[in-house]
Structures are given as C-alpha cells and as structure tokens.
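Visitor: Found this in TrEMBL, in case it helps:
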type     : residues  : note
TRANSMEM : C:16-36   : transmembrane segment
DOMAIN   : C:18-91   : domain 'Glycine transporter'
TRANSMEM : C:42-63   : transmembrane segment
TRANSMEM : C:102-120 : transmembrane segment
DOMAIN   : C:106-176 : domain 'Glycine transporter'
TRANSMEM : C:127-146 : transmembrane segment
TRANSMEM : C:158-178 : transmembrane segment
TRANSMEM : C:185-207 : transmembrane segment
Amino acid sequence: MKMRDWWPADVTDRALLVFDLTGVFVFAVEGALAAVRAQLDVFGVLVLAFATALGGGLIRDLLIGAVPPKAICDWRYGATALAGGGAVICFSPLFVEAPIHLMIGLDAAGLALCAVAGATKALEYRIPGLLATLMGVLTGVGGGTLRDLMLARVPNVLRADIYAVAALAGATVVVLGLKFGRSKSWAMILGGVLCFALRMVAVTRGWNLPHVALH
Amino acid sequence: MKMRDWWPADVTDRALLVFDLTGVFVFAVEGALAAVRAQLDVFGVLVLAFATALGGGLIRDLLIGAVPPKAICDWRYGATALAGGGAVICFSPLFVEAPIHLMIGLDAAGLALCAVAGATKALEYRIPGLLATLMGVLTGVGGGTLRDLMLARVPNVLRADIYAVAALAGATVVVLGLKFGRSKSWAMILGGVLCFALRMVAVTRGWNLPHVALH
Amino acid sequence: MKMRDWWPADVTDRALLVFDLTGVFVFAVEGALAAVRAQLDVFGVLVLAFATALGGGLIRDLLIGAVPPKAICDWRYGATALAGGGAVICFSPLFVEAPIHLMIGLDAAGLALCAVAGATKALEYRIPGLLATLMGVLTGVGGGTLRDLMLARVPNVLRADIYAVAALAGATVVVLGLKFGRSKSWAMILGGVLCFALRMVAVTRGWNLPHVALH
C-alpha cells in the first residue's frame, strides 16, 4: 500500500496528517467567517469553526461505528479547528481580504481530501460500496451543512453549485478503484484529483445542478 | 414467534422486507417532493429523499447502540431511498398528480410500520419500556423532522396534526403487549393497525392536538 | 474519592441523582416554556422538554462512545423530563409567573452541574483534556442549542450572553484539577461553584462576549 518501497511509511503518514490538518484549518476559517458575517459572538465563531471543520467526519464516524470519532480522540484536530477560529477572531481583515481564488482553491483541496479519505475509511469499516460513496460525500459536505443549519439556513449545498457532485465523483473513483483491486494510493490520488478539478472547473464556469420543474 | 407453524419463516421475512422497503420508498417520495417545492437542486432532492426515508431509523439505531445502523450496513435501504428520490426527479408530474388519499394512506402505513418496528427493535436492545415507546415514535416521525429542519422550518409534527400520537399509540401497544408476554406477531399487528386507523381517522376528521394557552 | 470516610457512599450517590434530576426538570421546564411561546402543540412541548433537558448529555454520550446514552438506558431521566414538560402543560401560568431570579438561579445551577459532570464523564472515557473540556461545555449548552435549532432559530448561546464561557470555566477547572491529581469531589465542587458564580455575576451585570468586527 505504500507508494514505493524505498519511501518511508512514516513520511507518508506525516504528509497525510499535514494535509488533513491543513484542510481542517481551511474549513475552520470558512466556518468562522460565516459566523462573523452572521454576527455571532466569539464563542459562536469558535463553535462554527469547530463544527464546519470537523462536523462531516464526526457524523461519518458515528454512522460507520468508529466511536469515539477521531475528532474527539485526537486533540490535534480540535486544536487546529479552534486555531482557525481564533485566527479569524484576531486577524479578521486579513481573511476577508484574502484572494478569493486562493480560498476557493484551498476549499476545493479540502473537499477532495475529505471525500477521498471519508470513502476509504468507510470501506475499511466494511460499509458496502454505495454507502461508502455516500459517506465520502457526507465527509466533504457535512461540515458546511451543519454550519448552515446552525445559522438557521437551508444548506447551500442542497440548492446550488457543483460541490457535492465533485465529492461524489471523487468518492466513486476511490470505491470502484478499491473494489477492482487497484492500489489504495492510486485510487485516492486519482479520486482526489478528479474531485478537485471538477470543483475548480465548475466554479470557473459557474456550473449549477439542474432543478426539478413542478408542473 | 412465527405466525403459524406451517408458515415458512422465510416468507414472513421476505414479506417484512418488502413492507419495509415500500415504506422507505413512500417516505423518500414525500421528502423528494418537499425538496422540489423548496426549489432545491437534484442533489438536494436526493439528500432529502434519503434523510426523510431513513433518518428516523438512523437516529434510533445510534441512540440504542445498534451501530452501524441498518441503513448504513444494508445497501438495499439506501438504494430504495435514492430510487424514490430519482423517481420524483424523473416523473415529478406523476407524483404531484397522484391521488392525495393514496399518498396519505401509504404514509400512514409507513408510519405504522416504523413505529411498531422501532419500538420492537429498541426492546430487543434492552431499552426500558418508556424509552422503547419513545424510540418507536422517533422512528416514525424522525425522518420528517429531519426533512423540515434541513429546510430551516419548525418541524410540522411539533405544531399540528395527530401524527406522533398515532405512532405513540401503536408503539405503546407493542411495548405493553411484549411486556405482558403476548406473541410478537400479534402485538405488532395490533399496534400497527391501531396506529394506521388512528392516523386515518384523524386526517379524515381534521383532528389536531390542543395547544397550551400562555395566560 | 468519597468526600469523607464516615460519609456513606450511598448518600452521596443519592444526593447526586437528586441534583441531576432537579437539573433535568429545570431544563425541561425551560424547553417546554419556549415551545409554548412558539405555539407548538402538546406533543411539541413534550419533545422540546425532552430535547432541552437531555439533548446535551445525549450528544456527549454518542460522541465519547457511552452508548446507549444514560438518557436512553435509565427511564428516570426521560420520565423527569416528560414530567417537567407535563407540569408546564398543566400549570403554565404558574411557571410564567415564577420569579425570574429563581428560574435564572436554577438554570445556572443546572448549567454548573452539567458542565462539571460532562467533563468528568468524558475524562472517565479517556477523552483528552482539551476535548473533555469541550464535552463539558457541550453537555451544558447542547440542550438549549438543540431547542433553538428545532424552533428554526440561530442558537442564542452562539450570539449573546456569558453562558458557554461559564460552563467552559467550570469544565476547565475540573479537567485541570483531575490532571494534577486533585480529588474528584473537590475539583467538581470548585468547578461547579465557579461556573455558577460566573453565570450569576454575568446575568446581574448584563455581560456579553465581544463580537468580531468585519472591517
């Protein structure tokens, strides 16, 4: 499963952890910014940072039976999420003025990471393929959904944008890849790149999913 | 526990599964129609179909410790829910024009099935009687509550209609029946029929629960 | 761990249970009053009583892996919550006219109890200190958050008031106290008193947490 035999597993693990925590930080910043815009107080900002960054993985872990969830067992995840929220509290102008393309790119990378890692973890817990794919999507979009619900809004992911579909594409590639015996690394890289690319193209071109007409 | 000795258990199991999946399909269609009316996109329609159809059982399973929940372990449930959502996406006029009495009848049957099966499962997991009854109600009304919450609305079941009370009546009959040593089949049939009948009479006569006056 | 050797453990346990159920009753009354004000029907009043009183502990138990949660295993908790809701339904004028300071004092006591007991239980389940502190806060404010979400409102605790911070202070004292080897009783009493006092002073003086300016 290691990428190459001469590549130390420890380095891969560290790299994955760094990726993972970077994604948590980016999502936490987005949640915190939404909280600031909704005029929550500093406690509310930290709660939304935590929920947005870790909510998707948390719900997935509860559903697949990985209890207690990693976000509750490993303090580095919670600390990173709170650091993201704290950074927004201390330096909010910096984040508001950050180039929008940088934020979108980082968000798409976080989405790809979550979708791919979420589907893989569900398969490791022997969840059937169809539902493992959905668990990948849930990991990617669950945090943002929770954030919108706590702001008493209809989750944006249910209404507009190609966002969940990008996660779905990435998770599907991972599940099919692993079912057909491909190496874990390649399935995850391929799925992640597909999810990232699809999301970036969709944003650039302003793609939306169709709505259903009622009459 | 089998209905009669000469009745093959396999047939009963298959019949129960067919009933169960029919209920999932009906609830999925209702969730999907609510999503279409709220102008969600096709992803939102599928999510609400899934959440409405399987949310109640999912939350019940998490609470009673049946992890991972059946809806996550057994792909037939998720596939049926998505099929219900997909059917609405493809043939929405058909469902909008379906006779309202047929939809209400199927919904009441699904409610009865959920309430009765939910209470029975909670008892099997050694949950005390009072809470097993509540788990039956939760199984019946949880999906619709989740649907309303995701649409940022106060859940309808908390405000109007005799809906949860019908589920409560059915679940109570099951719990009392099993506590007093009646056969599982008869307790479930009696509870289910009571729930269904109460719901249908309430709809026909326009019954509502009382509100509490504040002054 | 007992307070003194000549003090029978049984009495301490009973006292803790009485405290605990009193807190559940007070939170249930608050949830039920919010439901009555939002014009829910009697079923909605009972659901909000249950969710407000037991929601925080329930979610904490799911997250730390204490499944099924105590609120689902032990019927006395559910019965007390429903009794609180039932009392509001039967005697709503009594509660509306109750002295506001009594209600605030009882609520602060319930908050202190939840925060301290929640953090302690998380530590017993080997959750790391940072997250055990957050679990204490969640136990204290989770029920009220759930109540607001079910009424389709932005949770009040995220927007105003020194409420979660009082719970945070109490939970932090407990976690630090136990990490540094202090007796459980003293850590819990100290944390509880701090949380209660901070909350009461904040209410009296009208303290609020700061908001983050966006520009």
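Here the Cβ of each residue, glycine as well, is placed from N, Cα and C on the backbone.
Mind running through what each feature is packed against?
Guide: For the transmembrane segment (C:16-36), same-chain residues at least 6 beyond its ends with a Cβ under 8 Å from one of its own Cβ atoms are 44-54, 76-77, 80-85, 87-89, 92, 95-96, 103, 106-107, 109-110, 113-114, 117, 143-144, 147, 151.
Looking just at the domain 'Glycine transporter' (C:18-91), the mean pLDDT is 94.
Beyond its flanks by at least six residues, the transmembrane segment (C:102-120) meets 19-20, 22-24, 26-27, 30, 56-57, 60, 132-133, 135-141, 163, 166-168, 170-171, 174-175, 178, 184, 188, 191-193, 195-196, 199-200, 203 of its own chain at Cβ-Cβ distances under 8 Å.
Panel annotation: around the transmembrane segment (C:127-146), residues 27, 30-31, 51-60, 63-64, 111, 114-121, 155-158, 163-164, 167-168, 170-172, 174-176, 179, 195 of the same chain, lying at least six beyond its termini, place a Cβ under 8 Å from a Cβ of the stretch.
Tertiary proximity for the transmembrane segment (C:158-178) is limited to same-chain residues at least six positions away from its ends with a CB under 8 Å from its CB atoms, namely 108, 111-112, 114-116, 118-120, 123, 129, 132-137, 139-141, 145, 184, 186-188, 190-192, 194-196, 198-199, 202-203, 207-209.
Within its own chain, the transmembrane segment (C:185-207) is flanked in space by residues 1-3, 104-105, 108-109, 111-113, 115-117, 119-120, 140, 161-163, 165-167, 169-174, 177-178, which lie at least six positions past its ends and keep a Cβ under 8 Å from the stretch.
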Visitor: Can you break down the domain 'Glycine transporter' (C:106-176) into helix, strand and coil residue counts using DSSP?
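Guide: DSSP composition of the domain 'Glycine transporter' (C:106-176): 57 helix, 0 strand, 14 coil.
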Visitor: Tell me the residue counts in helix, strand and coil for the domain 'Glycine transporter' (C:18-91), as DSSP assigns them.
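Guide: The counts are 64 helix, 1 strand, 9 coil.
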